């Protein structure tokens, strides 16, 4: 999986960047999404607040914002298009590979790690996997959806070695 990592805060250690990258690749393999592409941006609470207001109309910072990429309309082409532009099929497959982007608030991750009594590393991993599942179509609006998503989320984190005691 190709993952673009961006640290807008300048506060994320190389270890956390590498753990996030490794964990998301692990999650991608576990869910059959390893041929996809996404981005992860680490932000402050201030930036998280702005994004939450812009995309979710919620006037407060949040821990992770998941923006699933869904093309507005299908791309239609015919055989003649492929004959005229042999690179078109490859370009479209790359376009189809992009699944979305995550914005993780470093400030919220630190607050929540302390609140829940586990490590910052565990909280960062939790937020990354939670967001990853959202951009892959999982949600928790109903009890059934919540059970499915949270079970898979915990399976991934445990198999990776990031337990609540981590």
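Quick reminder: no glycine exception, Cβ is built from N, Cα and C everywhere.
Annotation for residue 140 (Zn(2+) binding site): spatial neighbours 146, 149, 150, criterion Cβ-Cβ under 8 Å with sequence separation of six or more. Per Swiss-Prot, Zn(2+) binding site is recorded for 130, 134, 140.
There are 19 other Cβ atoms within 10 Å of the Cβ belonging to residue 134 (Zn(2+) binding site).
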